[in-house]
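Student: Pulled these features from Swiss-Prot for this protein:
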type	residues	note
ACT_SITE	GLU292	active site, proton acceptor
ACT_SITE	LYS366	active site
ACT_SITE	CYS416	active site, nucleophile
DOMAIN	248-511	domain 'CN hydrolase'
TRANSMEM	31-51	transmembrane segment
TRANSMEM	65-85	transmembrane segment
TRANSMEM	89-109	transmembrane segment
TRANSMEM	144-164	transmembrane segment
TRANSMEM	181-201	transmembrane segment
TRANSMEM	215-235	transmembrane segment
Amino acid sequence: MSPAGKGPAWRQPAILAAAGAAHALSFAPDPLPAWSLAPVQVIALAVAAHASLQAPSARRALARGWLFAMFSFSLGLYWLYVSMHDYGGLAAPLAAAGVLALSAFLALFPGLACAAARWLCPPHWDASPPARARRTLYTAATWAACWAALEWLRAVVLTGFPWLNIGYAHVDSPLAGWAPLLGVHGMALLAAFAAAALAGLWQSASGRIDSRQALAAGVALLLAGAGWLLGQFSWSRPEGKPLHLRLVQGNVEQSQKFDPALLETGLRRHLELASLPPRPGEPKPDLIILPETVLPVFQDQLPASVWDAWIEVARRADTRIAMGVPLHTQPDGATGHRYTNSVIGFDASTPVEQLRTGTTAMRYDKQHLVPWGEYVPPGFRWFVDMLDIPLGDFDRGAARQPSFDIAGQRIAFNICYEDLFGPGLLPALQDGPDGRPGATIMANVSNLGWFGNTWALRQHLQIGRLRTMETARPMVAATNTGITAAIDARGRVAAALPAGRAGVLPVAVQGMTGLTPYARFGDKPALALIGLLLIAAPALG
């Protein structure tokens, strides 16, 4: 019998709840230091692995995995309360209930993973020592494959919400070396294997560590070592000269951003920041990037004088400007209207009429829209109306859109949480069917002001770092309230502005070319490995 079954009835739920809360701390260095995130994640998840694998039934394993994940998601996503209550105007009990309801739904995926692993790998404590050692390896592989498979499902079901995928806890661990090959889901597989291997070291029948069960842990260490070696390899090469960018962080308070009475104040702040002269010795920017919805109304609702002012900024600085703006357009030959969350690019020669009609040559329309925030799922109009979300029903952008050609570099934009979905970024990095080369730099524009100065900002930066590791492309992030940053092609933060402050970040970004295996094949290799383990490991064990 497992020690998990001994002691008072409340002990195991309390341990799982505490482990789940600790697990939430492993995503982004706040409040824990960066070096501790990966060990905390593996140790906390090992508690869930041990408890679920020693459950008396698959149903009990589901309950244990769900409880662990419920506490992990509830704490890790607490910042959703801020958006719903502080800025959405939802009553505190309803906002808290919203966070708990979402966490309960998301926790079903880990719960089902634990149930599947328990069903495929029943406890084997009564087996002979050699058989127990062999089965520990296969059990760890099966449990990891189940967990990673459900992480992937969480990324695609109902448009997907893969925030807090366990792979993100390892951006500073040796497992990050696997990112260019297997992506975040492959890293999740390896992290889950390490946790299950750690759980397998504990021989519950005697309460002592059994060295004969260390095989899986040894394999986990070998995989970490291989990841470190892979991390020394350069998967891309420089192209052209570094691009000089100015990233603008306006820090407009979310409660004021969509207030019509304060529209001019926000516009003036961004104009002033964009117009700042370069510091002594600092080259002029090739491009000024401003955040998502820096103009909080549709472009055709602004007078021509506003666009004249922006064109004047571009003229004085002798540069181009890219900004996030909601667009209202009527495509040629179409009878309907189109509303998109977009990024537009322009310079001093761009006619004002193009800006007012949304027909600029450089334009990106957001593809992966936020449910309830940017589009209304069927039957949920009442919820969106209750939150009073502005600009809440957009059309989707095309799957592949042209990059912005700036001074010999090609920039692929994404908006808000689109960088959470790695496969969606890949078409822009690959050569097009027309022979057009892929992008050399990625750029994210966001407005995270909805979440205050919370963990969401650090978690989002962590997500961006992993995207650069997967693709070996640098990424810059221009955000309203933070964290505005430049990340190099190895996932290192080269420069960043403090959250919650207005300012500009001048950076030189070296564009890169060449495709990593992940950039070429996406999640397919990781999914193939997960599928192979799900078929082979239980049979061999």
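Including glycine, each Cβ sits where the backbone N, Cα and C put it.
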Student: Give me the CA-CA distance between LYS366 (active site) and GLU292 (active site, proton acceptor), in Å, as a whole number.
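Tutor: Each residue's Cα considered, LYS366 (active site) and GLU292 (active site, proton acceptor) end up 10 Å apart.
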Student: Roughly how many angstrom lie between the C-alpha atoms of the residue listed as 'active site, proton acceptor' and CYS416 (active site, nucleophile)?
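Tutor: For the residue listed as 'active site, proton acceptor' versus CYS416 (active site, nucleophile), the Cα atoms are 7 Å apart.
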Student: Is the transmembrane segment (89-109) packed against any residues at least 6 beyond its ends, judged by a Cβ distance under 8 Å, and which are they?
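Tutor: Same-chain contacts beyond the ends: 65-70, 72-74, 77-78, 80-81, 150-151, 153-154, 161, 386-388.
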Student: Counting only CB pairs under 8 A, let me know which of 31-51, 181-201, 215-235 has the most with the transmembrane segment (65-85).
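Tutor: By Cβ pairs under 8 Å, 31-51 leads among 31-51, 181-201, 215-235.
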Student: Please report the number of other Cβ atoms within 10 Å of the Cβ of CYS416 (active site, nucleophile).
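Tutor: Excluding its own Cβ, the number within 10 Å is 25.
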Student: Including all protein chains shown, what's the count of other C-beta atoms within 10 A of the C-beta of GLU292 (active site, proton acceptor)?
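Tutor: If we count other Cβ atoms within 10 Å of GLU292 (active site, proton acceptor), we arrive at 24.
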Student: Going by DSSP, is LYS366 (active site) part of a helix, a strand, or coil?
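Tutor: In three-state terms, LYS366 (active site) counts as coil.
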Student: Under a three-state reduction of DSSP output, how is GLU292 (active site, proton acceptor) classified: helix, strand, or coil?
Tutor: coil
